[in-house]
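A short worksheet on the structure shown next.
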């Protein structure tokens, strides 16, 4: 088959800039073959190389006594005691999910699950953070329904509980939705599997499903902006099969138990290319691949197609040669392909053979270690203008504006499509705050949350970055968990625009400050740039996934308020309305500065709540919508009315940070007040739970009416 001529148009279609192509010529001393061009394109794109973000990612705190393995592997590994580890990561599948919502979201779930089990962990929990355009945009309902069905279809069939996440709507996502998928798994701390190859002449083995043409060029597509050719990109979206993935999980865990594996890597972005290069690079070895041995489900596939296919449910392994028969038998038992497709070599070469031809012969290190790295120009986001006057609102009307918005309405329509109970270890299902999953066969549990407020990040990237981490810290604390570590999913627009790069830099600095102060190191993550359509970028959305530990379920704060319980706020209320949910939903204003985050207060208030958990019946962090929304959500979930005494829009709807709402039995309130005074922590009684009416500063409405609005608004907004 004749390969196309390498032209400037072909180079540009592969996402390579002229200076990058010039660098390729210098590295290999000749024009690349078509397959080599595809390999460089895949390895040097933003999605795989992090060429615009590497400089700043290196500044993040990534270590701590609890960290077994930080960024650089498939997922982060954190010690949870008793010889056990939690392995977790969050990753985006934004571009594919906009083009083909069901498969884009489904394969996002599949990919993140493989990142976890390729390290030897059995997945125990999933979350997803979703950002969509406004409900009345012509594409939004189709995308929402497809994405949610795709997540549910894959996760439910695979058999992992979805225990949390978030859903937001904003016009900035009209042309570019965000689908950030999180997975966590459990492994023995001394049985973690890594991706670095070792040993010369070791067999390189292909595992799992067959290779097709789906997803060819997917990684390159994920590093580009969208324009009016978007429909042409549909073939670059992968197709997933959760039942194959389930078999792959079981086969891999059985294989790992047989002591057959030297190293293993899932085939994700850029498929066979990226997995082989990463294994060789980390092990300082070359890799030779014979593509005739690759299991194929389509006829006449070219070397280019096989190297860049992103067909799902595939792994690459370096095998102990004496274990070939054992390993092959395991994969045959699970009805999965097992094929020796190459070997490790001592030279720094990535050698690709197909038929009797050499299709690629490249210096392997040049594909990863010497990939371009940019110090993009950036400008600091200017300080937000002071917030103008905000009219006083009827508190009930303000609450209705929030609970009637799909961003803050009850999300049962979403999570009822997800299985949150499979594996029978879910202690706290999606709904309010962090999800909690029991560590099977132990007294321990793990808590999971995902958080970011993009409006804050746009107004003030540094404070917005801090706030995403602080809110995750509070959500874990509010269920009684000690925060352990974080994963970041950095979703931004075009980094070649200095103002966008400035948002990224500011957010990284804020995240770094917060994870250091709160002892929640970043152990894994993902960067998704070029989230723009026709030059219009998304809101900067640095999603933080976080994991916390309960050493015993006795530490869990899982109750609901009861009739007559007091409502108290831990922390200081100053009434910050800048960039608040109320301002956006009721007045259509996104103005003012983001709320400042006092990290020392966050730590002190969180430690206070965990130390006094036995005195409270329920807890929630105060964030979007302030006291009024948090108190309503807590009361409504318990089927109770509510009376709040603070008056004024700012006191009820302000979004000051480092605050928690707690429900406390009246006979325990005095002890909690005494503990707060002793700890120097502000604690204010703000009302009472009970009855069948919601009363905010004297304005009232029946709980039943508000509950009906709250529980119907989401489905009505998207025509569900």
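Counting starts with 1 at the first residue shown.
Placement of Cβ uses the backbone N, Cα and C atoms for every residue, glycine included.
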Residue among 114, 288, 328 sharing the substrate site, where Swiss-Prot lists 92, 93, 94, 95, 238, 310, 311, 312, 528 as binders: 114
Listed in Swiss-Prot for the ATP site shared with 50, 488, 525, one of 17, 89, 458, 466: 89
Shell of the ATP site beyond 50, 89, 488, 525, same chain only (C-beta within 8 angstroms of their C-beta centre): 57, 71, 90, 91, 487, 489, 490, 522, 524, 526, 527
Residue 526 (Mg(2+) 1 binding site) and residue 50 (ATP binding site), Cα-Cα, nearest whole angstrom: 9
Inter-residue C-alpha distance, residue 94 (substrate binding site) and residue 47 (active site) (nearest angstrom): 11
Length of the line joining the Cα atoms of residue 92 (substrate binding site) and residue 526 (Mg(2+) 1 binding site), in Å: 7
Those binding-site residues listed as 91, 115, 266, 310, and which of them has the most Cβ atoms within 10 Å of its own Cβ: 310
Residue 115 (Mg(2+) 2 binding site) versus recorded positions 47, 89, 93, 488, 526 - nearest by Cα: 89
Cβ neighbour count (within 10 Å, all chains shown) around residue 526 (Mg(2+) 1 binding site): 23
Listed binding-site residues 114, 310, 525, filtered to Cα within 10 Å of residue 91 (Mg(2+) 1 binding site): 525
